[in-house]
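Just below is one structure, and these are the notes that go with it.
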Amino acid sequence: MESTLGLEIIEVVEQAAIASSKWMGKGEKNTADHVAVEAMRERMNKIHMRGRIVIGEGERDEAPMLYIGEEVGICTQVDAKQYCNPDELVEIDIAVDPCEGTNLVAYGQNGSMAVLAISEKGGLFAAPDFYMKKLAAPPAAKGHVDINKSATENLKVLSDCLNRSIEELVVVVMDRPRHKELIQEIRNAGARVRLISDGDVSAAISCAFSGTNIHALMGIGAAPEGVISAAAMRCLGGHFQGQLIYDPEVVKTGLIGESREGNLARLQEMGITNPDRVYGCEELASGETVLFAACGITPGTLMEGVRFFHGGARTQSLVISTQSKTARFVDTVHLFDRPKYIQLR
């Protein structure tokens, strides 16, 4: 799968990032997202595959493109038989976030990117549009920290695993009222807190790379992005755990569903019989082969944002895989027409 799709999924996120970055700083988050969705879908439909969106822009009646259940790729088209051999075809599940951090793009802030994860059919957890309690940590802490422990306990464990004092640790937390007590506990334990307004996928992945000065992600964010983060962390050998949040009182706002009982019923309909289960990255991204790709829209911890020059643009992307156990940073110059010069730095 990697040998045939690796380069193409990089191009998918590159095109989404370029499209969205043209709306950077214009205050139009919905437009920045919409053009990224269009660009991502158009490029995916040119790939020799039969793909199915398991995490996308929403339910079919809520999203015109890249909705959950939508099929993408050349081999899903009406005349697919002339292009595709069914005996050689691998069906693929896809999780996408064409513009992760729409507010970041709209207001010209750092940390937004276009992301996707793919695996064979059934290899990615089809998370409902709920919230998820998350814990991400470096590979050295995998299996040692635990989402059921307090932040204080996990910081002590993390300190031992990384051979650092707690005062040297940096924990990323979403800047939300629901995290007031968590933030205070982290600070009381002696660690430092980096608050972010959006974009916790980037924060989770950054835990797996030394030199980012991010050592953990804690708190509650969107469940679909949790699956994408888990796919990346599985490729990188990092620690990731997620637990679905189905009680609206926990997050106070924005949760799909009006009641705890209604949300529990919805989970039951989806076949989730243990709503309190803690999922590891091997369960959220359980496929034999998992690929993850991201491209910076605005500058971030791991990647530069899209940089335009006369006649073209330059992007930085990341592609990682469970198969090759590699993390490739890809620097690409895109020539839209005959440029007067090519941007090198």
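Glycine residues also receive a Cβ, built from the backbone N, Cα and C atoms like all the rest.
Among the features that Swiss-Prot reports, Mn(2+) 1 binding site is placed at Asp33, Glu57.
According to Swiss-Prot, the Mn(2+) 2 binding site annotation covers Asp97, Glu100, Glu225, on the basis of similarity to another entry. Within its own chain, Asp97 (Mn(2+) 2 binding site) has Ile55, Ala114, Val115, Leu116, Val201, Pro224, Glu225, Ile228 as residues 6 or more apart in sequence whose C-beta sits under 8 angstroms from its own.
Marked as substrate binding site by Swiss-Prot: Glu100, Gly101, Thr102, Tyr131, Arg176, Pro177, Arg178, Asp198, Gly199, Asp200.
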In sequence order, the binding-site residues (Asp33, Glu57, Glu100) whose C-alpha falls within 10 A of Arg178 (substrate binding site):
none
Hey, what's the widest CA-to-CA gap across Glu100, Gly101, Thr102, Tyr131, Arg176, Pro177, Arg178, Asp198, Gly199, Asp200, the substrate contacts in the record, in Å?
21
Coarse DSSP state, helix versus strand versus coil, of Glu100 (Mn(2+) 2 binding site):
strand
For Asp33 (Mn(2+) 1 binding site), the one of Glu100, Thr102, Arg176, Gly199 that lies nearest, given that the binding-site residues are compared by Cα:
Thr102
Spatially speaking, which of the binding-site residues Glu57, Arg176, Gly199 is closest to Glu100 (Mn(2+) 2 binding site)? Use C-alpha to C-alpha, please.
Gly199
Determine the most Cβ-crowded residue among the binding-site residues Asp33, Glu100, Glu225, using a 10 Å radius around each Cβ and all protein chains in the structure.
Glu100
